[in-house]
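One structure is given below, encoded as structure tokens.
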Amino acid sequence: MTQETTVPAVERTLVLVKPDGVRRGLSGEVLRRIEAKGYTLAAVQLLTATPELLSQHYAEHVGKPFYQPLVDFMLSGPTLAVVAEGQRVIEGFRSLAGTTDPTTAAPGTIRGDLARDWGTSVLQNIVHGSDSPESAEREIALWFPSL
Ligand code: UDP
């Protein structure tokens, strides 16, 4: 049996309930799952993204075939931006979210349980979660400049 000798680091991550999730009334369900896991909500804000914000947030995807559809989708309505805090929350939230493609996301995950209309695209997958401590700090600064 493995024994933990150190307490896992408390981290912050950026979670987005994307426009499909907000439109479908899933914001509360996503927040409930975050809190049920034991994470803390450090900041929450409903806003509609701008092309400038998205070009920075999704900088690594600029130029890819799915980039413009992704931007159009993210501009299609309000997004709920959340800063969640807790031990190893970056990896932990991505585990709650499930794989990028909802068709293969495991049951019990947000995407696995709740994604709909995903037959031809992985675009509308309800949530975003930062993928590393560096991404988390960069993304939190973009969506919550006053934090
Ligand atoms: N996406 C897409 N087609 C792809 C890959 C990604 O439409 O082939 C969208 C999808 O909404 C995804 C987002 O672009 O959540 C960002 O992609 P990333 O690979 O960073 O996945 P994530 O970290 O969100 O799981």
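Every residue, even glycine, has its Cβ placed from backbone N, Cα and C.
Over in TrEMBL, the protein carries these features:
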DOMAIN    10-147  domain 'Nucleoside diphosphate kinase-like'
BINDING   LYS18, PHE66, ARG94, THR100, ARG111, ASN125  ATP binding site
ACT_SITE  HIS128  active site, pros-phosphohistidine intermediate
Sequence-ordered binding-site residues from LYS18, ARG94, THR100, ARG111 with Cβ under 6 Å of an atom of ligand 1: THR100
For ATP: widest Cα to Cα gap among LYS18, PHE66, ARG94, THR100, ARG111, ASN125 in Å: 21
Cα separation, HIS128 (active site, pros-phosphohistidine intermediate) to PHE66 (ATP binding site) (Å, whole number): 16
Between HIS128 (active site, pros-phosphohistidine intermediate) and LYS18 (ATP binding site), the C-alpha gap once rounded to whole angstrom: 7
Sequence-distant neighbours of LYS18 (ATP binding site) in its chain (C-beta under 8 A, six or more apart): PHE73, MET74, THR79, GLN124, ASN125, ILE126, VAL127, HIS128
Fewest Cβ neighbours within 10 Å, where candidates are the recorded positions ARG94, ARG111, HIS128: ARG94
Mean of the pLDDT scores, which run from 0 to 100, over the domain 'Nucleoside diphosphate kinase-like' (10-147): 96
